[in-house]
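Annotated in TrEMBL:
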BINDING   His181, His230, His296, His476  Fe cation binding site
Amino acid sequence: MAAPAPQPTTRRWNRADWLRGYTSLTEERDYWIDDIEGNLPADLCGTLYRNGPGLLERGGQSVQHPFDGDGMICAFDFTGDGRVRFRNRYVRTAGFIAESKAGRFLQRGVFGTQKPGGWLANAFDLQAKNIANTNVAYSPKKLLALWEGGKPYALDPQTLETIGEDDLGGALAGNANFAAHPHYDRRTGEMVNFGIEPGLSSTINLYTLDANLNVTAQHRWEVPGFAFIHDFALTDDYAVFFQNPVTVNPLPYWFGFRGAAECLVFQPDRPTKVHLLPRHGGRMRTYETVACFVFHHVNAHIADDVLTVDSIAYETFPSLEPGTMYRQVEIEKIAASQLFRFTINLKTGASRRERLLERAVEFPSVHPARVGLPHRWAFMAMADAPTGNAPLQGVLAYNTHTGETQTYSFAPGGYVGEPVFVPTPGATEENAGYLLQMVFDARRGTSGLAIFDARNVAGGPLARLHLRDTVPYGLHGQFVAK
Ligand code: 3ON
Ligand code: FE
């Protein structure tokens, strides 16, 4: 008997609106937000830092992919007395400074942006521009702008002025990179982050940092084969890495035709390797699970010799169709990102993968006090339609105990980024807190910030802050409570 035909769903997004959210913000602003709908929670006090590509073209040339855009930090200061100040500043990377003077791209991007002048001008230039555009890490003395292809840039957390590239007191020697996905030990507050030295075999460096972002411990492991790893999951004793089955065919990159990330080749017949690295050093253990591609992990824990990892996985590397400008890409045809639970028996190696949600989701997080433990709630951005791949337009809270979801969609006019969970201090409920999510409002043609009660996502935003400009869709951020 034939399978029932999938139910058609009404599509509540359109390409022109969605793409308008990729508009560079060339000005650097500083103002008190005067367009606020709803009620600002009185106990939301502190600064939301967000990072993402701010500049998507130079000298009339567009980036090939938004992930190649120069990093721009946005800061929302919640004073606690009903006012919110907005600022945005570019990270003054070496590349940003030089290209601002020249008025054109001088360096290649990892995702395919080439220097003007065709392949001859790009061949054998293997120095990608550090764009510091992916995430932030905070300490009172410095805010780091993170990008996994290079070293972090330090900024003044108050003024957002760039201090300079930062090798973390010499811990990042030579070509060492520092990834953009730190995780925090719930017991000590320590930050754990990693860096990959790619090659025929790859080195994973694991760093532990204190509250001043000084490196207090550092360990390294070799993993066989090429590794492109964006994120990891932290348990009490381990750092868990998924080495997705990709290889690289570097020729088009070397010869100046493609960016490095456009040369990744997904290997559907090879397993995903799961590496368990003891956080304080020692022998790593490697397991296998089904072939898939993971950018972001939700959380992980180990109980009774079973490792459980919740992750957002794609059936294949969401390949960017090499050579295709991002504005031409048909998102409906790219593999969707879905929520999965991986379980691995650490004694037998038996692994299982279960899909928890059909809907396309990305940018997951949990309560910081549940990192490394079983969590009840996971928060993430979602597509409007319950099936298929589409731009992110809403926020979703997933209850792992019941499988229930709570959702809110800004469709048809709204397009969103990562929801940042801000826990209510001292609360016992795991979902007590706020979710802060940037929204591009295609009707107004400007971006803003929506604030949800995380316990009542379906009730819609408590408040919406409207900015004066479009802030291009961003990547990750962090809230620093006052
Ligand atoms: O040869 C290696 C290969 C490689 C690709 C070495 C390497 C480390 C230089 C490298 C570089 C990787 C880089 C720089 C990756 C940067 C990633 C980035 C800026 C963003 C990744 C975002 C991931 C996701 C899933 C975003 C999703 C966004 C949406 C669904 C909405 O817009
Ligand atoms: Fe990420």
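Using the three backbone atoms N, Cα and C, a Cβ is placed for every residue, glycine included.
TrEMBL entries are annotated by machine, without manual review.
Contacts of His476 (Fe cation binding site) defined by a Cβ separation under 8 A and a same-chain sequence distance of 6+ are given as Arg50, Asn51, Gly52, Thr134, Asn135, Val136, Ala180, His181, Phe363, Glu418, in order along the sequence. Of the listed binding-site residues, namely His181, His230, His296, the sparsest CB environment within 10 A is found at His230. Apart from the site residues His181, His230, His296, His476, the chain places the Cβ of Thr134, Asn135, Ala179, Ala180, Asp231, Phe295, Leu475 no farther than 8 Å from the centroid of the site's Cβ atoms, the recorded Fe cation location. In three-state terms derived from DSSP, His476 (Fe cation binding site) belongs to neither a helical nor a strand segment and is classed as coil. Under DSSP, His296 (Fe cation binding site) is assigned to a strand (E or B) in the three-state scheme.
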